[in-house]
Amino acid sequence: MRRSDRFPCAGASLLVVLCGVFPSSFGGRTLPGLSDDIPFRLKWPGPDFTLPTAGIPYKEENYIIMTTADQETYKCMLPLMANGNEEEDREYKGPSPGELLDPLFKLSSCSYRIESYWTYEVCHGKYIRQYHEEKEAGQKLNIQEYYLGKTVKKSPSEAGENQEDKERTEGHKDIHTKNIEGQMTPYYPVEMTNGTPCSLKQNQARSSTVMYICHPEAKHEILSVAEITTCEYEVVILTPLLCNHPKYKFRPSPINDIFCQSMPGSPLRPQSLEKLEHQQEEIKSPLKAKEEEQQLLKEKFSTIHKPVTVGSQQQVTVGTTHISRLTDEQLIKEFLSGSYCFHGGVGWWKYEFCYGKYVHQYHEDKDTGKTTVVVGTWKAEEHLDWAKKNLAKAYMSTADGVQTVKTVSHFYGGGDLCEVNEQPRQVVVKLKCKQSESPHAVTVYMLEPQTCQYILGVESPVICKILDTADENGLLSIPN
């Protein structure tokens, strides 16, 4: 093996240097480039070491000789790099992403995202609309709206030709990715143009890119809407339809190991690195003991009153979470007593629902604190009056013709005064059975079909167990 180039490295900065970007060649040897998007891990196996033959590949010539400030030398073997896309490289003969999304486009379905002022409507494969509704004193409804993009209709022949071209090139082009919560996530783009003219861009038409992202439990929710440049938008949609395509499945990036062998006369690991880690352990020890003590207290005194975070932006599972491991009986009792509350929503506003108590809309800010709007409060008399004029429960027929309760609806009125129509806010809460492999999955969403009149949807497998207890007014009780 030929002599390699050497470069000095201070012990404490060793990790930074190795995880940086190396020159492409050392002493005539071409080395693989390192990327900040792919995680690496340093390992110190000692002088007697055999490169792994399974997993991420290595080549004998892909190495550098590193010399620390203490004149310790190490031969560091660099991986050929894995980015988590190995399965994608296999031949795929299934439907294209466009074909997988085709049922969504043919259903004429729309998704909604409600923010503090604007509501966004994405009718898949057709258009994107941004609007705000207001009612004047005379009950005349004023709508302020902008189309952020529309799909250009094509003749069947043009559409067929374009689809054929797309399928021919799709297997060879790079998959688009977007950084979502620190993870590079693949998406399928759908361009929409010919939106409402933009006065800030010489009346050019607004346009949008709809980014469809795989999520197995999603219901085509709108994850985000962003104006990336003036009158040009990005809309991120979560859908389960793309998950059948290997190139669009989300996978965490694998960790690529860099093996640094000590050369003759050098310790197994650099002395300065050992010293640094020892100092860090001394700092961590008191904190770790305190964390362990807090965790024990939390496990000992934890109750089922902890709110459930639904649609947290700390995950990419918008509108879906997993409830803590409780028995169904406990959960049902606490839910019906109103002491177990659901929290849901993404974006500026979040929502809190406590059964038989209230529905709140709130925003938390680290500087200004928590802003809460009462959307509706529970009063049995008001609900009973509402139930006389509206459908409090809906039925569905099973395969053997038996009718079972599909949804129940409850009225919560007397919310905070609406600035637009000077009427109290109100909300209809729809409780629905959710079939899921996880018995404790729950989905919460909110719609505003009319100004300050809301619909809150709550779906869970637990609700399946109590729907049939609903009386003629839709009121639930603990099942026998």
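Cβ coordinates come from backbone N, Cα and C, glycine included.
Reviewing C123, C198, C260, C341, the cysteine that Swiss-Prot connects to C231 via a disulfide bond turns out to be C198. Per Swiss-Prot, the residue from C418, C452, C464 that shares a disulphide bond with C433 is C464.
Checking the candidates C214, C341 against Swiss-Prot, the cysteine paired with C243 through a disulfide bond is C214. A strand conformation is recorded for C214 (disulfide bond) in the three-state DSSP classification.
Counting every protein chain shown, the number of other Cβ atoms lying within 10 Å of the Cβ of C464 (disulfide bond) is 18. For C231 (disulfide bond), the spatially nearest entry among the disulfide-bonded residues C123, C214, C354, C418, C433 is C123, judged by CA separation.
Its Cβ placed at the centre, C418 (disulfide bond) has 16 other Cβ atoms within 10 Å.
Residue environment of C214 (disulfide bond) contains 24 other Cβ atoms, counted within 10 Å of its Cβ in all protein chains.
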